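Pulled from TrEMBL:
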- 1-21: signal peptide (SIGNAL)
- 20-101: domain 'Cytochrome c' (DOMAIN)
Amino acid sequence: MYQKVLAASVLAVLTAAPAFAAVSGATLFKQHCAFCHPDGGNIMNKNKTLHKKDLNRDGIKDWKGVVAKMRNPGPGMTRYDAKAITDPQAKAIGEYVIKTFK
Ligand code: HEC
């Protein structure tokens, strides 16, 4: 009986993990990025939104491109090193940006 309960809770944690990662990308984006990029826009430079057309024009094709921008941004954007936003967090934000803003 005890073992069964334990197994069930381990399973619950495992199956909850991917959903949690998705939530955390969205949450991290809200915390760090949405101030300047509400709805994937850009309040400082309207030509540099997070929508696919602009990203592709600037050679940002996947989450790695978004992370590269966070690590080495252009004029006006805050720089986020691995202390401010860890690599796994940065990946989650990058994946969120690519899948959310078409
Ligand atoms: C203080 C305002 C500000 C914050 C906060 C900010 N950005 Fe930016 N972002 C900018 C500006 C200004 C640019 C245009 C300059 C450039 O290309 O770096 C930009 C550009 C970008 C681009 C390139 C867009 C394009 O079309 O080429 C990406 C991707 C991006 N930001 C992602 C993020 C992410 C992810 C975060 C949060 C971790 C974030 N930004 C936080 C201001 C901000």
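Cβ coordinates are placed from backbone N, Cα and C, and glycine is handled just like the others.
Curation plays no part in TrEMBL annotations; they are all automatic predictions.
Model confidence over the domain 'Cytochrome c' (20-101) stands at 95, taken as the mean pLDDT rounded to a whole number. In the domain 'Cytochrome c' (20-101), the DSSP tally of helix, strand and coil residues is 45 helix, 0 strand, 37 coil.
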